[in-house]
Amino acid sequence: MPTRTSRRTFVKGLAASSILSGLGLWRSPAWALPNPGQPDGLSGTEFDLTIGETQVNITGNARTAMTINGGIPGPLLRWREGDTVTLRVKNRLDETTSIHWHGIILPANMDGVPGLSFDGIAPDGMYVYRFKVRQHGTYWYHSHSGFQEQSGVYGPLVIDAKEPEPFTYEREHVVMLTDWADEDPARVMKKLKKQSDYYNNNKRTVGDFINDVGEKGWSATTAERWMWAQMKMNPTDLADVSGATYTYLMNGQAPNMNWTGLFKPGEQIRLRFINGSSMTYFDVRIPGLKMTVVASDGLHIKPVVVDELRIAVAETFDVIVEPADGAYTLFAQSMDRTGFARGTLTSRPGMQAEVPPLDPRPLLSMDDMGMAGMDHGSMNHSAKPAMDGMDHSKMDHDSMPGMDHGTMPMQEAPVMQSHPDSERNNPLVDMQAMSTSAKLNDPGIGLRDNGRKVLTYADLRSTFEDPDGREPSRTIELHLTGHMEKFAWSFDGVKFSDAKPLMLKYGERVRIVLVNDTMMTHPIHLHGMWSDLEDENGQFMVRKHTIDMPPGSRRSYRVTADALGRWAYHCHMLYHMEMGMFREVRVEE
């Protein structure tokens, strides 16, 4: 049985922390506190987890959160590759709950998705998860029920490898990045449905217009503003939910709490970064230190030395750093630059380094969205296909939605993009990318030409060859679609409640091509099976469980349907998933 670790009795809020100290509103997990060795947590093969309500204070305001074993995040679980683990999850909420083991390969009935894997865990009920651990690395776990993940039901997961890893380190720290809102998540959703840019406090001003006229001229500025107005979109709307309501947390602690990880000078330190947020992409750097990226989504990659990395929602990255004596700031700013999570690596308790300012606010361009050079004056905002002259009659978007192009990989250069018939005159689709590319070498909006070496997907190369080796027998193309004004999200313009399952035959190897027709980024996660990302020429690059899809991108990956059952396939932006960007993948004999 695992040993319970001691917990801090209180976490101070952003404001009025000195006044509130001693109230005992909640407990911070011991693994999230500074310690001289490996992080504490629950380890072994048998675990007891309880999901319930806990009073917390993160921002200076007392709120009721949903927690696992009383903490945010939940306990760090440590498994060992090759073991069989048993996890007894008890529900002390007044609603059904669940736990999904993100990125873990396991039987379908252990995956933890109500309605697909099982019925969920009823109030006062318990579910016993039991499965063999077939992998190693950095992962996480979270509720797959409603908005419970946003309310605090998540935690980190580390699986120790049974064989020596291809790098060394003397110490490790888990760094879990999340977003917290004092608001009820249902209220957040209600606001987004009424006004999709409700939380965008970075809208352009008259002053911005005057500055742009000075730089670009009157004609170019007014034309650009007119195009955005025609699309009923805003180039500053990079995140549906922003720092206007979110506080960004590092290991459950707000920026002013300064989570601290200790080290001895000259040690090699492994940092296990986990983005367990509901809606936030983070750009992570440690001023004064290079990071050697050694793993992505739990699996080893060929080492890449960078200054900064963007971590999509649900992704994980492992890096090695080697700090000298002193203090270093762990700085994770939100992609829209409305806030940051922050911590410190230090050789002595109490030390801290300067916190850098937020980078300038980035703006989306037409090129970002695959719309460069297009005439928006004739744009039909009922989403009439951008290429009306093409014959789409042969597209099959029913039992296997998507265009089937055999084994054709993505093209290296931008291509004129066709679209499925289901997007035609669709009230749930307000935009279509017209010229798409893989964008594997692109650091992403807000990170280009910033003077720092930024990790890109092109840098990610697994330390192993394609584990399957077969060419895909067919290609499934799916479009990520949405309507910004209505805050509606879908695949191919078809929301989950109206969509048929994607049917895969057990054992087949397929290529999935994703096209992002929206102005938002989408991290796409397939449960139960690995996603083997390809380069522009269809060659295997890296094995992942979550694929980041920037606006206007077209990316492909291979999937081996080696897991029977019903599996979730969805955008991991929680509010996008809840609003329809979700499919069932069914693997049958």
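Cβ from N, Cα, C; glycine included.
Fair warning: this is a prediction, and the values are worked out from it, not measured in the lab.
Features of the protein shown, as given by Swiss-Prot:
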| type | residues | note |
| --- | --- | --- |
| BINDING | His100, His525 | Cu cation 1 binding site |
| BINDING | His144, His527, His570 | Cu cation 3 binding site |
| REGION | 367-403 | region '2 X 8 AA tandem repeats of D-H-X-X-M-X-G-M' |
| REPEAT | 367-374 | repeat '1' |
| SIGNAL | 1-32 | signal peptide |
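Between the CA atoms of His100 (Cu cation 1 binding site) and His570 (Cu cation 3 binding site) there is a gap of 13 Å. Residues His144, His527, His570 make up the record's Cu cation 3 site, and a Cβ search at 8 Å around their centroid adds His100, Asp111, Val113, Leu116, His525, Trp567, Ala568, Tyr569, Met577, Phe582 from the same chain. His525 (Cu cation 1 binding site) sits 13 Å from His144 (Cu cation 3 binding site), taking the CA atoms of both as reference points. Neighbour density for His100 (Cu cation 1 binding site): within 10 A of its CB lie 23 other CB atoms from the protein chains shown. Neighbour count (other Cβ atoms within 10 Å of the Cβ, all protein chains): 24 for His525 (Cu cation 1 binding site). Note on the region '2 X 8 AA tandem repeats of D-H-X-X-M-X-G-M' (367-403): mean pLDDT across this stretch is 42.
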